[in-house]
Amino acid sequence: MKDIISVYDFSKSDFDELFELTDKLRNMPIFPKILKEKTVALAFFEPSTRTYLSFSKAAINLGASTIGFSGEEGTSIAKGENLADTIRMLNNYADMIVIRHKFDGAAKFASEISEIPVINAGDGKHEHPTQTVIDFYTIYRNFKNIDGLTFGLMGDLRYARVVNSFLRALTRFKPKKVYLISPPQLSARKEILEELNYPYREVIDYNEVIEEIDVLYVTRIQKERFPDESEYEKVKESYVVDMNLVSKMRKDAIILHALPRVNEISREVDKTPQAKYFEQASYAVPVRMAIFHKIVGE
Amino acid sequence: METVNKKELIVSKIKNGTVIDHIPAGRALAVLRILKIAEGYRIALVMNVESKKMGKKDIVKIENKEVDEKEANLITLIAPTATINIIRDYEVVEKKKLKIPDVVKGLLKCTNLMCITNNDVEAMPEFKKISEKPLKMKCVYCDTVIDENEILKQILGSKS
Ligand SMILES: [Zn+2]
């Protein structure tokens with residue numbers, strides 16, 4: 001395996017291997033230093049502290065050193081220099097590049113320029129494949145399986161890249177049904193829906209389907225993804241997971257969220273047995289370690 | 001085959017080059033745009049001539065340039081009815097088969113303003129065909145799909 005740009009870069013057996021590898025890594029007292037003497041470049045042209053830190057920690061755990069930029073620094077590099085030149089420079093310093101960028105398709109473009117592997121850590125509203133592996137690993141931990149489950153994706157299904165990656169990754173499995181719960185302005189993109197090979201239905205009112213759902217995946221409605229701010233104001237709080245909603249859910253259902261959240265899940269829900277988003281966040285480092293493993297082929 | 005009738009005699013036969021016939025009326029200039037014909041070529045353009053098959057059609061003759069497979073395929077995007085004949089020493093030596101291209105690089109722009117191809121000077125737009133009827137092509141970078149109308153609009157300019 002070389003680049004990881006889309007979840008389509010993973011086959012069903014890649015997912016299975018990643019789950020097993022993550023299980024193994026989580027139980028290891030000392031991690032194998034498979035990235036010893038290697039340098040991982042973290043090129044975050046768009047800031048994301050959580051993702052940056054988890055990739056960085058995963059690399060360090062495996063013996064790598066890291067270089068890179070994030071936050072303000074990353075944003076100003078994105079403004080000042082063209083992407084291709086920055087990637088060429090990083091090729092001189094590193095053995096692989098983890099890239100986060102605000103433009104759709106930036107990771108794929110970077111991979112075409114780069115001689116070393118590129119991992120997409122989120123490109124615009126396009127994809128965020130490693131987050132999806134974390135999401136699916138959490139589901140696998142809770143249900144032992146992905147097949148046969150009923151999913152509900154709720155919130156911004158149009159501009160949230162985790163949704164694209166999640167829906168695409170489900171094509172590698174056999175979900176029973178997928179409900180796409182969103183206001184019409186934020187419905188999933190048609191080109192993504194056309195790729196899906198499993199039953200799905202678009203729903204506006206979650207009350208119609210909430211009792212059937214095993215996995216409720218909640219997304220943040222992000223202001224910066226909207227071309228128009230007034231559109232954002234109209235829909236920003238369309239869906240809030242509160243105690244009332246949780247009371248309608250099945251006892252063994254789980255709620256996932258890629259975090260950080262704003263108001264879409266109320267804090268009192270955190271203590272319910274369905275809330276699994278902190279558990280999900282705790283898998284970020286081991287899953288990304290497993291992904292590094294696969295890239296270096298160990 | 002070219003049927004020589006009086007109307008076509010306004011344009012003389014060419015010795016070597018390409019004759020593109022049966023172009024939908026009004027699209028000859030767009031065909032030249034697709035072929036990126038640079039200065040220096042001798043070109044004959046016939047527009048809006050009568051055609052039995054098509055009512056009206058355009059014809060383009062280019063001297064000393066043989067249109068290749070890739071260029072021929074690009075022509076299908078705006079002129080699916082076109083026939084392309086390669087001429088050597090006044091004879092038609094080859095008729096190009098037209099096939100909607102599987103990949104179009106550089107010619108079409110992605111409609112997604114946040115696509116990397118609209119934001120980096122080095123990122124050249126590239127589309128993959130996902131269906132022929134109706135014609136749909138997908139940006140290989142951001143997965144935005146463009147349809148026949150959009151393709152026509154881009155190549156012909158906004159007037160169509
Ligand atoms: Zn695009």
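Indices start at 1 and increase along the chain as displayed.
Cβ coordinates are placed from backbone N, Cα and C, and glycine is handled just like the others.
All annotation found in TrEMBL is predicted automatically rather than curated by experts.
Annotation source TrEMBL lists Zn(2+) binding site at B:C110, B:C115, B:C139, B:C142. In the three-state DSSP scheme, B:C139 (Zn(2+) binding site) falls into the strand class. On its own chain, B:C139 (Zn(2+) binding site) has B:C110, B:N112, B:C115, B:T117, B:P125, B:E126, B:F127, B:V145, B:I146 as residues at least 6 apart in sequence with a Cβ closer than 8 Å to its own Cβ.
The domain 'Aspartate carbamoyltransferase regulatory subunit N-terminal' annotation in TrEMBL covers B:10-99.
As annotated by TrEMBL, domain 'Aspartate carbamoyltransferase regulatory subunit C-terminal' applies to B:104-151. Per-residue pLDDT, averaged along the domain 'Aspartate carbamoyltransferase regulatory subunit C-terminal' (B:104-151), amounts to 95 for this model.
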Through the lens of DSSP with three states only, how would you label B:C115 (Zn(2+) binding site)? strand
Checked against DSSP, the composition of the domain 'Aspartate carbamoyltransferase regulatory subunit C-terminal' (B:104-151) is 7 helix, 16 strand, 25 coil
